[in-house]
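As recorded in TrEMBL, the features of this protein are as follows:
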type: COMPBIAS; residues: 505-520; note: compositional bias 'Polar residues'
type: COMPBIAS; residues: 602-619; note: compositional bias 'Basic and acidic residues'
type: DOMAIN; residues: 120-223; note: domain 'Ig-like'
type: DOMAIN; residues: 225-313; note: domain 'Ig-like'
type: DOMAIN; residues: 325-405; note: domain 'Ig-like'
type: DOMAIN; residues: 412-491; note: domain 'Ig-like'
type: REGION; residues: 505-526; note: region 'Disordered'
type: REGION; residues: 593-619; note: region 'Disordered'
type: TRANSMEM; residues: 533-556; note: transmembrane segment
Amino acid sequence: MTRGVPGEAEQPEPELVEVEVGGTALLKCGPSHSQGNFGHVDWFSVHKEKPTLIFRVHQGLGQSQPGEYQHRLSLQDKGTTLALAHITPHDERIFLCQGKRPQSQEHRIQLRVYKAPEEPSIQVNAVGISVNSQEPEEVATCVGRNGYPVPQVIWYKNGRPLKEEKNRVHIQSSQIVESSGLYTLQSVLKAQLVKEDKDAQFYCELNYRLPSGNHMKESKEVTVPVFYPAEKVWLEVEPVGMLKEGDRVEIRCLADGNPPPHFSISKQNLSTREMEEETTDDNGILVLEPAQKEHSGVYECHGLDLETTTSLQSDQQELLVNYVSDVRVRPAAPESQEGSSLTLTCEAESNQAIEFQWLREKTGKLLQKGPVLQLYNLKREEGGGYRCVASVPSVPGLNRTQLVNVAVFGSPWMTVKERKVWVKENTVLNLSCEASGHPRPTISWNVDGMASEQDQDPQSVLSILNVLVTPELLETGAECVASNSLGKNTTIIFLELDSNRTTGLSTSTVSPHAKANSTSTEKKLPEPESKGVVIVAVTVCILVLAVLGAVLYFFYKKGKLPCGRSGKQEITLPPSPKSEFVVEVKSDKLPEEMGLLQGSNGDKRAPGDQGEKYIDLRH
């Protein structure tokens, strides 16, 4: 019997082998053959029904035939399996093997090749689609690259698959074969959209198969611009809620069309009752900054569709800007005698109910709630600023204030009565003097220099004198005099020369109520040199006593001072009222400068004892 040409006879269905691109296909020459049947086998690839010898097995040894598979074929499993490496899409075909023995059957293998496509990309129509279009317009394009075989594409809108629908939905797909044999799929979705599709989410899905089963990949979701005419317009005000003077208020027009129409905003004229157009910015927004009570009124919006020339008008909306204004205090310039009473009344204008409070200006303390503040038995220190606060509880943050200064009649009051300044000779010095009173006092100096005044408040003044420190100024000091129609008062400044100090100001801490306006004289501070002399004097005195004690002890030991019962002698000392031995230490300094000799508890001696100090030596 003559052996037939491979592929001529009718053959059963070929064995199916599936493999991914880049993998290795294992081709077996039929499971029914015995081990001996594989000693002499020929392998063929069939392309366009034409078999081509690609591999030959002789006595269990394999040899590739020249051609496209020459370097990718090898034997495995002791010659029972032919391995084809580096699979490409071009390898998808039928392979067959045939033994060389008589009556040997050929075995056919169908090789299927797969490759997952890349993640699909989607490109939306950025120009947009008008709902007035008479035929489907392009919505988006989906592209799936480098897949094998060609994947299937499904389009979705809002999670629901789209199907072809005449004059409504059309899906047009095409593919390109790359040089690698892989496919690139491109699918275009066209649809006729309506206004409700303005927020619709579109995406595409690629379905493909691998040896492991069926798979799919989805693109991102996209929204296509949809153009539709406006049906109504309306006004919107920001911020929402109750408005007050000083706020930044925006009035804008809104419409349900895309693109929005051209907007204009009008306000009603209270006199003519006619609507008058307001000036808006480039976006058609009316900005009120800061908002004022005059901005209250009735507003409306107009919208003009430039494509259809349709004009729309919004409902009228009233805008209310709450306010507090014209806060005033009666009397406007209050003044009173010390010990008298004074009534302050606060008034204000507002479109809402007002609450009043009175605060002390310099402390912020709440004095009274209500429009009236009653001050009884006025004292000089109660003069100064009082603030009325008018607020609207129903509108948070809405308030206005008015400050009034209460003047209490009185002669000038000095902040400091006396103080001492440490200076260096021939240096320039600024001397300050502050006084208050009503009428407002004026300040003069008893020395020449450049003086300037600063108002601290309506009843107080601060004078600063720029002077050169001279011997004459050191001798006389400086005096400022504050005077008004009710009297005058002074501040005395003592100048002390100290070359060891840097020029500076040493001000006595004197309370205005206790010392600044009394006649007490401030004590001068002790000089550092006086303290040093006192310390030296005390040290010398102690040394003298020590030497005297040593001499007496020496004579006692030598027998020069007999102290026995039989030879008793007496040392006669100058008479003293208390029979005491006294060493006198005198100081030519002022009594105040002997502070180091005071007791540790800080008690001072009587004035008569501060000129001289005594140290008693008693047995």
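Positions of Cβ are set from backbone N, Cα and C atoms, glycine also.
The average pLDDT the prediction assigns to the domain 'Ig-like' (325-405) is 94.
When DSSP labels each residue, the domain 'Ig-like' (325-405) comes out as 3 helix, 46 strand, 32 coil, counted as helix, strand and coil in that order. Secondary structure counts, DSSP: the domain 'Ig-like' (412-491) has 6 helix, 53 strand, 21 coil.
Note: the domain 'Ig-like' (225-313) comprises 3 helix, 43 strand, 43 coil (DSSP; helix = H, G, I, strand = E, B).
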